[in-house]
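Engineer: Quick one: the structure is below, questions incoming.
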Amino acid sequence: MERANHSVVSEFILLGLSKSQNLQILFFLGFSVVFVGIVLGNLLILVTVTFDSLLHTPMYFLLSNLSCIDMILASFATPKMIVDFLRERKTISWWGCYSQMFFMHLLGGSEMMLLVAMAIDRYVAICKPLHYMTIMSPRVLTGLLLSSYAVGFVHSSSQMAFMLTLPFCGPNVIDSFFCDLPLVIKLACKDTYILQLLVIADSGLLSLVCFLLLLVSYGVIIFSVRYRAASRSSKAFSTLSAHITVVTLFFAPCVFIYVWPFSRYSVDKILSVFYTIFTPLLNPIIYTLRNQEVKAAIKKRLCI
């Protein structure tokens, strides 16, 4: 390969979720349904927010972008995993693997920052309601959105820069259904201990900073809401609870994946499935069930 004279691995073999043929068929059917649900659920939110003028507010603008990221994030690994359930030999090219890792980290990092932006939006809406539309202006929203993608791009680029310097000259079997960076690094033909620490530090620092910002934002909001009228507090907590649920679902797998990133336990596969597939599926459900405005707009759009 032209990438490096000492690198001879041109493809990687993915072991998938299970070697059982019966389970392969079951997984194929199950994950096909789940993937369709991801696309339809997030697409429904995108269309509803775009075409319903009542939802043209900062909160729903950010929510529609979250749905877009979730839909694209699931699309980078899930379709290939579904097709691989029907294949005896599951392979992916080196550049295909590299692209998969790059976009997974790009979108994952962007989603973390977008969740922070959504927490800021809720803080302004609940703690400074009279100045909400002034503070959360289109210019501010655009800045928050672009900052989210910029941070995701820098995070992903720094992670992938490590990969370009690694020689792969022998082992090429990845015990997962997609190219997971910690697992790919282990296959390099050199000592990668320092590199493993750098990868953990990079992802861990971004996750920690975002998580702390979210904790501070939600802490201030909850403290503020305690002293509001009961009716207003109920509505505020209803909106806030959906955000907290989504944040918990997003960060919980990250904690396990990056606290024990180079372990060989099968729990890593379960967490990866949850992070890349079930979180994008659950997000639109959570926001729809907890939000009367979205439910009403969807019913109107579907003529129910």
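Just so it is clear, glycine is given a Cβ too, placed from its N, Cα and C backbone atoms.
Feature annotation from Swiss-Prot assigns topological domain 'Extracellular' to 1-25, 80-100, 159-195, 259-269. Sequence annotations record features per position, and here Swiss-Prot assigns N-linked glycosylation site to Asn5. Under the heading transmembrane segment, Swiss-Prot lists 26-49, 58-79, 101-120, 140-158, 196-219, 236-258, 270-289. Positions annotated as topological domain 'Cytoplasmic' by Swiss-Prot, on the basis of sequence analysis: 50-57, 121-139, 220-235, 290-304. Under the heading disulfide bond, Swiss-Prot lists Cys97-Cys189.
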Engineer: What does DSSP give as the helix, strand and coil breakdown of the topological domain 'Extracellular' (80-100)?
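Structural biologist: Secondary-structure composition of the topological domain 'Extracellular' (80-100): 12 helix, 3 strand, 6 coil.
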Engineer: Long-range same-chain neighbours of Cys97 (disulfide bond), Cβ under 8 Å, sequence gap at least 6?
Structural biologist: Phe12, Cys179, Val184
Engineer: Counting across all protein chains shown, how many other Cβ atoms sit within 10 Å of the Cβ of Cys189 (disulfide bond)?
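Structural biologist: Neighbour count, Cβ to Cβ under the 10 Å cut-off: 15.
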Engineer: Which bits of the chain, at least 6 residues beyond where the topological domain 'Cytoplasmic' (121-139) starts or stops, bring a Cβ under 8 A of a Cβ in it?
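Structural biologist: For the topological domain 'Cytoplasmic' (121-139), the list is 58-59, 62, 217, 220-221, 224-225, 236, 239-240, 243.
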Engineer: Which three-state DSSP class does Cys189 (disulfide bond) fall into?
Structural biologist: coil
Engineer: So what's near the topological domain 'Cytoplasmic' (50-57) in sequence-distant terms, Cβ-Cβ under 8 Å and 6+ beyond its ends?
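Structural biologist: For the topological domain 'Cytoplasmic' (50-57), the sequence-distant neighbours (Cβ-Cβ under 8 Å, at least 6 residues beyond its ends) are 64, 293-294, 297, 300-301.
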Engineer: Take the topological domain 'Cytoplasmic' (50-57) and average the pLDDT across it for me.
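Structural biologist: Averaged over the topological domain 'Cytoplasmic' (50-57), the predicted model reaches a pLDDT of 87.
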